[in-house]
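A.B. asks: Next up is a structure, given as structure tokens.
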Amino acid sequence: MESTLKGIRGSDAPCVLDLDDAATVAGGVEDTYGEDRATEEQLVTPWTVSVASGYNLLRDPRYNKGLAFTERERETHYLRGLLPPAIVSQELQERKIMNNIRQYQLPLQRYMALMDLQEGNERLFYKLLIDNVEELLPIVYTPTVGEACQKYGSIFSRPQGLYISLKEKGKILEVLKNWPERSIQVIVVTDGERILGLGDLGCQGMGIPVGKLSLYTALGGVRPSACLPITLDVGTNNEELLNDEFYIGLRQRRATGQEYTDFLQEFMSAVKQNYGEKVLIQFEDFANHNAFDLLARYGTTHLVFNDDIQGTASVVLAGLIAAQTLLGGSLADHTYLFLGAGEAGTGIAELIALEISRQTKAPIEECRKKIWLVDSKGLIVSTRKESLQHFKKPWAHEHKPLSNLLDAVNAIKPTVLIGTSGKGQTFTKDVVEAISSFNERPIILALSNPTSQSECTAEQAYTWSKGQAVFATGSPFDPVEYNGKIHVPGQANNAYIFPGFGLGVVMSGAIRVHDDMLLAASEALAQQVTEENFEKGLIYPPFSNIRKISAHIAASVAAKAYELGLASRRPRPKDLVKYAESCMYSPIYRNYR
């Protein structure tokens, strides 16, 4: 991937490992009040600007415990009369909330209830999410978060992050200082131009950074107070939103060209100035033409990560590595065909090529020849090279032009079919039957989100392949029975990777992201798939073990950062897995002095 980005930067541009000595010193985020260092039995002080008490304590989501405040705490913190007399445990609160959430018929209602809980009682929200991750992940993340973004203007009640619009040009540093937290470790930022497979949602894309950072905490253990969701409002080209009376963003067409570039430059400079060298900036749901440019431009000067390009690539590669244990052979034995040649498709393709190159010692240019991409104009071939966007050019191989996916499948005869098109029902019956006709166990990954945009459903994949397919999707699908056997579709969900990856970056004090760190994350995830999982046809482990999985991914990423000389936290912990687990935020209520 670095070779692709270097092509965008220019041959004389520095790479990720070309670091100024000054960039590797100092920094780190202190746990000012000892909340994370304290054991669950130790007493902590509920600080805000001063010690929170009384009505203000009940309105502070970080410290509010609802009816779980003890008699002593109610006395000490002036809560008498502000709460009913009953004292209940966090576990009982959790059961009550889950019971209430399950009463809602619509996923969006559940989403809104969870967001209200997050705004009122932070620890209870995260305990709920951690303990019920498989049930609640589709609510706080894809697919429900997509609907929430579409209707964000209608359901908006309280701001959950920073909105930085073109009106703040020249004042972005001041805007960042308006955020109450100073010790920020992870920023997820979007400009809302390409939200999931739903297109330009403008300012309403804020649901994505909010959802992602909820998972950084719940799945990766990064402190909520160290997370900052940001939406850059540069306008929208969505006419429906521009004419919607409830739209919450700028009512103007999107800024482009130099105006956009200057705005992003000011933002990136302000972030580094305000939060330092080691804040991880995750670019999220930027349009293809900006996503690669931003990663290339800032990859050598900032700690940046694009989940759509790098996170998706890492989780898909992990599934493919795990599949080799299930099927036998190696990555180099396969021929890969992608439907979709945007940031996700080309990012996955590049990481696969890098891993094949690492395993076989072959030049990456040779490894790319095993990978073919189909875009809206058909198979990407050498005769189209002059008209292609820069990130597609490495995939333009010698072949006659083909206009559709079915022709490409029959001509290329892939063993692995990967969908990143953002268009539903594009893996047709003919396509699935074709790949199944020359593969005993074809690998089919329908990765587009949300569920409505998936290239095919689990039932279609198993039925049309006669139960042969090794299948995974981007959004969740229920198990499918075919010929008396239960097939459990895996979910190639980025949430396997980015929380643990982010924790590894933070805990090692890494100052840049390198491709080898992504490969390390993929291998660590693949190693978590058990024989029991393989027997069900799964190539990903269950989400119920996600915190353990994230700790192993974090340890592998941190180890690679130390090996590459990109880690600044010294000395290196002896046991990185244990250290990762010790760094993880706990949502258990604390007792107050």
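Here the Cβ of each residue, glycine as well, is placed from N, Cα and C on the backbone.
According to TrEMBL:
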ACT_SITE  Y141  active site, proton donor
ACT_SITE  K212  active site, proton acceptor
BINDING   E284, D285, D308  divalent metal cation binding site
DOMAIN    118-299  domain 'Malic enzyme N-terminal'
DOMAIN    309-562  domain 'Malic enzyme NAD-binding'
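Relative to the rest of the structure, where do these features sit?
C.D. replies: The Cβ neighbour count for K212 (active site, proton acceptor), using a 10 Å radius and every protein chain shown, is 27.
The Cβ of D285 (divalent metal cation binding site) has T190, D191, G192, E193, R194, I195, L196, G205, I208, D308 as same-chain neighbours under 8 Å, each 6 or more residues away in sequence.
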A.B. asks: Select one residue from E284, D308: among these binding-site residues, choose the one with the most other Cβ atoms within 10 Å of its Cβ.
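C.D. replies: Most Cβ neighbours within 10 Å: E284.
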A.B. asks: Around the divalent metal cation site (E284, D285, D308), what further same-chain residues have their C-beta within 8 angstroms of the site's C-beta centre?
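C.D. replies: So the extra residues in range turn out to be T190, R194, I195, I208, F283, F286, A291, N306, D307.
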A.B. asks: Could you give the Cα-Cα distance between E284 (divalent metal cation binding site) and K212 (active site, proton acceptor), in whole Å?
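C.D. replies: Distance between the two Cα atoms comes out at 9 Å.
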